[in-house]
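Asks: Quick one: the structure is below, questions incoming.
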């Protein structure tokens, strides 16, 4: 696929989407949503030998994250990030 970009069926590209929970009329709040690259493959034997807990499958992924944002304060002094630009980058939060 050109430049590693592709769309999976039923999974939209990584882009800004309005967060309806935090948005107010005339003051929209945006967050990055959508899909990026991921793949899974058998773990190479040489890598398995160095693992504390050997795993048969290795996975790689990038996540849809904010490339740029502004910090805003909502009522009750709640601070959130209003995303202004998105890209596919390192996933910071993983399920165990």
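Positions of Cβ are set from backbone N, Cα and C atoms, glycine also.
Per Swiss-Prot, disulfide bond is recorded for 11-35, 14-64, 32-86, 36-88, 63-91, and the stated evidence type is similarity to another entry. Taken from Swiss-Prot, the feature N-linked glycosylation site covers 56, 82.
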Asks: Mind telling me which of the disulfide-bonded residues 32, 91 has the densest Cβ neighbourhood, counting other Cβ atoms within 10 Å?
Replies: 32
Asks: Cα of residue 63 (disulfide bond) to Cα of residue 32 (disulfide bond): how many Å, rounded?
Replies: 10
Asks: Just to confirm: which same-chain residues, 6+ apart in sequence, have a Cβ under 8 Å from the Cβ of residue 88 (disulfide bond)?
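Replies: The answer is 14, 36, 37, 62, 63, 64, 65.
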Asks: Could you state the whole-number distance in Å separating the C-alpha atoms of residue 82 (N-linked glycosylation site) and residue 91 (disulfide bond)?
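Replies: For residue 82 (N-linked glycosylation site) versus residue 91 (disulfide bond), the Cα atoms are 19 Å apart.
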Asks: Whole-number Å distance between the CA of residue 11 (disulfide bond) and the CA of residue 56 (N-linked glycosylation site)?
Replies: 27
Asks: Which residues in the same chain, at least 6 apart in sequence, have a Cβ under 8 Å from the Cβ of residue 56 (N-linked glycosylation site)?
Replies: 42, 43, 48
Asks: List the same-chain residues at least 6 positions away in sequence whose Cβ sits under 8 Å from the Cβ of residue 86 (disulfide bond), in sequence order, or say none.
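Replies: The answer is 14, 15, 16, 32, 34, 64, 65, 66, 67.
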Asks: Report, in whole Å, the straight Cα-to-Cα distance of residue 35 (disulfide bond) from residue 91 (disulfide bond).
Replies: 12
